[in-house]
Amino acid sequence: MDASAAISQLRQGQKPEWPQNANTSDFAKTLDNSSEFPKTLRHEYVVPTKAQLKRKTLNDDAQTAAKASSSDDEGIYFCGNSLGLQPKAVGEYLNAYLKTWGSIAVGSHFTPMADSPLTPFQDMAAECARRMSDIVGASPSEIVAMNTLTINLHLMMAAFYKPTEKKHKIMCEWRPFPSDWYAIESQIEWHGLDPKKSMLLVKPDDGYLMTTESILKLIDQEADELALIMLPGIQYYSGQLLDIPTITTHARKHGITIGWDLAHAAGNVELKLHDWDVDFACWCTYKYMNAGAGAIAGAFVHSKHGDNGSNVGLKGWYGHDKSSRFLMDNKFVPTPGAQGFQCSNPSAVDLTCLAGSLSVFQKTSVADLRSRSLLLTAYAEHLLTQIASRNIKDGNFPFQIISPLDPRFRGAQLSVLLQEDVMEEVFAGLEENGVICDKRKPGIIRVAPVPMYNTFEDVYKFMHILEGALQPKAEQKTQAHGEAVEARL
């Protein structure tokens, strides 16, 4: 298979032609060893073994202490869309943080250490912004590392949502992650408005996907009353990647402020926030950026809003310009750019984890990661389709892929819809065999092969386990007994 040609096809929205031996371990290993496209950076991450995934204590026994002797000993981790694996660099960075803090205490804020991977603590947020700039397609001054995602959404809406008697609506998706819903709802209520009248929901035309055409049409219809558009870059349930540049351009034609929640997009797909003229965006860093559970989040504010003046919404001392921050004269001078939107001193330990995780991104590019991701997810889709075709019962497929079939409009994630009672049994079967993915009610198993650390062999092994888990328990026992008898013969 010509992998480079296949990636080119996928970038154009076309499906590659898979060889007859695609559903074999040898084929998966061939892709993993190919020099035609970027290789995995799996060696930069801590990949849990199957034994470690089952541990209930931090004390090691012989099994949990043992290193994987082969890939068969490692778990299959397809949950980077929920929490990314730990980069090995994070441990190094945390050790440097602890030693610096322990050695020079408050001097850690200002004193550079010659042999440390860290900058002085007061400069860490700016360094993380610099490292995130290529990932989201912005200049460092347009990015700030602060808070967590929902707090940043609130701060951005406090600055950019300016409802009037006529223009008061916020457009959002029909099924946002609950925290987004609560944030939008409470911002509307904070202004004394009724969410039932001021929340405008974009609904799918059919099934689970929102079309660009329907979004643009709704903007046209509601433009006179829209004060803000806030949509997800990638919808968390379906994995749909929205057409950010087209929708943003259309909002701009109507003079409507537009912001994006990029929780599932940042570090996953190529973004050009500055060039696309996005007003603001927010993202978390614990998914595809691998900075750890609840890690410090990121926000983007376009440079056209970066002069700030006094219009940074809610203020705090850390948004004050660094050059005069410690004068303490209560005369707010905002830091130019996105960092003027800071309120509090960001957590240095959180920034340490983020800086460590971002150091791995400096060894690759988002374009290379996207190329690898396109092929990984297309391979997963191909094998899922084969499994579905082999397991039709009573004329029904065992599951449905609800993510977009056009590879241009999805990231790493494929959302597999099963009947909810079946989902629990299948999910348990996956876990029993060292597979980690996640489930979302009703009936969805989200499968996300992450290009940073997942392999084509991971995909192949996952599919073999999934097909076994789809079989009713009685059939599994019969099949296992038959295989045991055959082995004795």
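Numbering starts at 1 and runs along the chain as it is shown here.
Placement of Cβ uses the backbone N, Cα and C atoms for every residue, glycine included.
Not measured: the values here are computed from a predicted model.
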According to Swiss-Prot, which stretch among 1-25, 26-50, 176-200 corresponds to the feature region 'Disordered'?
1-25
Per Swiss-Prot, which of Trp276, Trp317 sits in the pyridoxal 5'-phosphate site along with Leu149, Thr150, Phe177, Pro178, Ser179, Asp180, Asp261, His264, Tyr286, Asn345?
Trp317
Calculate the distance in Å between the alpha carbons (Cα) of Phe177 (pyridoxal 5'-phosphate binding site) and Lys287 (N6-(pyridoxal phosphate)lysine), and round it to a whole number.
15
Is Asp261 (pyridoxal 5'-phosphate binding site) helix, strand or coil when read with DSSP?
strand
Cα distance, Lys287 (N6-(pyridoxal phosphate)lysine) to Asn345 (pyridoxal 5'-phosphate binding site), nearest Å?
23
Cβ-Cβ under 8 Å from Tyr286 (pyridoxal 5'-phosphate binding site), same chain, 6 or more residues apart: which ones?
Leu83, Gly84, Gly292, Ala293, Gly294, Ala295
Separation of alpha carbons, Lys287 (N6-(pyridoxal phosphate)lysine) and Leu149 (pyridoxal 5'-phosphate binding site) (Å):
12
